[in-house]
Amino acid sequence: MTMLSKRNPQLNKHGELVHLLSTEGLPRAVIHQILDTAGTFLSVNDREVKKVPLLRGKSVFNLFFENSTRTRTTFEIAAKRLSADVINLDIARSSTAKGETLLDTVANLSAMHADMFVVRHSESGAPYLIAQHCAPHVHVVNAGDGRHAHPTQGLLDMYTIRHYKKDFTQLTVAIVGDIVHSRVARSDIHALNILGVPEIRAVGPKTLVPGDLKDMGVRVCHDMAEGMRDADVIIMLRLQNERMSGAMLPSAGEYFKSFGLTPEKLALAKPDAIVMHPGPINRGVEISSSVADGQHSVILPQVTFGIAVRMAVMSILAGNEA
Ligand code: CP
């Protein structure tokens, strides 16, 4: 039986992180601890021998029940840089295809002495379920669950913003696009609120921006010019067609005309605004190539920072007991 906090299942009774399931409810000090620790790991990427021994002897299991390029690869790189043994379960060839349940799969992998599970799943809450049922010494990291949360993406986004903008308390951050289906938007909004960002805007058509975001302290803008004006940080999101039911949009072309980020729309933001995107990007749908590849874009640095942030999360978890 684990001794997790009743208020927040990812913290132990001392308020330390033992699982990373969501940015919601994370103490500000824990977010800063992750960002500061990530800063110390950035230089590991530049060494000839890119390794530190913090997870030597530990086994990290990557369980990706949904497709991924960036998250899966950077988690694997991060775990290897921490000297862990990394096992990538090939879900398509696993016994999941024969009907084995998620919890039975996890129980069997635990019997192989797993120390950490990194889980992506199409069902919101799947990583919580695993965290509730695994042994006390095992840590669970949510690598994206349904529409719910993608906390390491949220944290690497915060790292990127801090790297370029330093002070969260002076910023206007615009999140643009398919917010209703986006676990990244939710994780970013929670983290931005915790870090004291005074103006968070959710920008997009009515069908893709839920009105209840106002309850999270977010200004909802259905007009791109209003959303872009004087923004310091612009986070573009992909249209998640795989999660849309029915006609939520007129057409990709119409969407691009209204909400696609072009140099003209970007010119309404602050002159030193940064443009972010969690990826994968759809050129000509939510962002033009000239912006995605332009001087304001920090989309590829986000990916690189993701390695250090995931190293930070895994090393902090491994140092804390349930
Ligand atoms: N940002 C992100 O989650 O990308 P992947 O789906 O490629 O992991």
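Glycine is no exception: its Cβ is also placed from the backbone N, Cα and C atoms.
Under the heading carbamoyl phosphate binding site, TrEMBL lists R70, T71, R120, H150, Q153, G279, P280. Per TrEMBL, L-aspartate binding site is recorded for K98, R183, R238.
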For L-aspartate, whose listed binding residues are K98, R183, R238, the greatest C-alpha pairwise distance in Å: 33
Q153 (carbamoyl phosphate binding site) versus R183 (L-aspartate binding site) - Cα distance in angstrom: 9
Cβ neighbours within the same chain of R120 (carbamoyl phosphate binding site) - under 8 Å, at least six residues apart: L63, F64, F65, E66, S68, T71, R72, A143, G144, D145
R70, H150, Q153, G279 filtered to the binding-site residues whose C-alpha is within 10 Å of R238 (L-aspartate binding site): G279
Check: same-chain CB within 8 A of carbamoyl phosphate site center, minus R70, T71, R120, H150, Q153, G279, P280: S68, T69, A143, G144, V184, P278
Number of Cβ atoms other than its own within 10 Å, given for H150 (carbamoyl phosphate binding site): 27
Integer Å distance between the CA atoms belonging to K98 (L-aspartate binding site) and P280 (carbamoyl phosphate binding site): 31
Binding-site residues compared (G279, P280) - highest count of Cβ atoms within 10 Å: G279
R70 (carbamoyl phosphate binding site) to K98 (L-aspartate binding site) - Cα separation in whole Å: 28
Listed binding-site residues adjacent to ligand 1, that is, members of R70, T71, K98, R120 whose C-beta is under 6 A away: R70, T71
